């Protein structure tokens with residue numbers, strides 16, 4: 001029962017963090033007059049969730065801690081995030097426009113092939129964009145380094161890419177089934193899902209679950225705790 005209570009509290013705190021993150025995202029995007037505040041807010045979300053993930057010893061974040069972490073990241077990203085985000089947006093908008101034109105104009109049999117190719121390019125580019133913000137939040141490197149590393153990661157970590165797509169599809173299904181979730185949580189769940197997938201399967205230095213939360217050590221600790229409890233029970237019986 002105690003384990004269930006702790007698990008429930010842990011899950012509830014994650015939901016609270018996501019809701020605070022969504023509120024902070026909206027407020028700070030408006031503070032930047034939308035055009036100047038959107039991409040810094042995206043970067044701040046990634047930074048906030050990265051900070052939470054690597055804080056293995058204390059993930060019971062309060063409302064104020066989530067907000068302060070977001071706000072500090074947003075201020076630091078006002079310039080850099082816009083320089084990084086707007087070129088990505090322009091390229092993606094052009095790709096989506098090309099896909100739209102191909103689908104809504106009769107190009108014969110070749111149109112189906114081009115449409116399928118453009119769909120694949122859009123999916124891969126979307127993966128690259130999502131991963132690039134996580135890589136950028138984890139490393140203090142120049143944009144071109146982030147771009148190269150993100151492309152390599154999408155290709156070299158296929159399981160991570162598949163998990164990102166799967167989690168985003170689940171999120172889309174949940175939002176379409178329960179629209180209230182989308183209103184309350186917005187972009188925080190997709191970004192959090194991306195960060196969780198990369199944390200678990202991306203093998204990023206400094207943000208790798210296998211290093212920060214090694215399973216073997218957890219097993220040894222649990223076994224040690226069980227042994228200590230058994231010894232305590234034996235001592236009480238002997239008394």
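Including glycine, each Cβ sits where the backbone N, Cα and C put it.
Range annotated as transmembrane segment by TrEMBL, chosen from 181-201, 202-222: 181-201. Of the candidate ranges 33-53, 54-74, TrEMBL annotates residues 33-53 with the feature transmembrane segment. Counted over residue pairs 6 or more apart, the CB atoms of the transmembrane segment (181-201) and the transmembrane segment (7-27) come under 8 Å in at least three pairs, which marks the two as touching.
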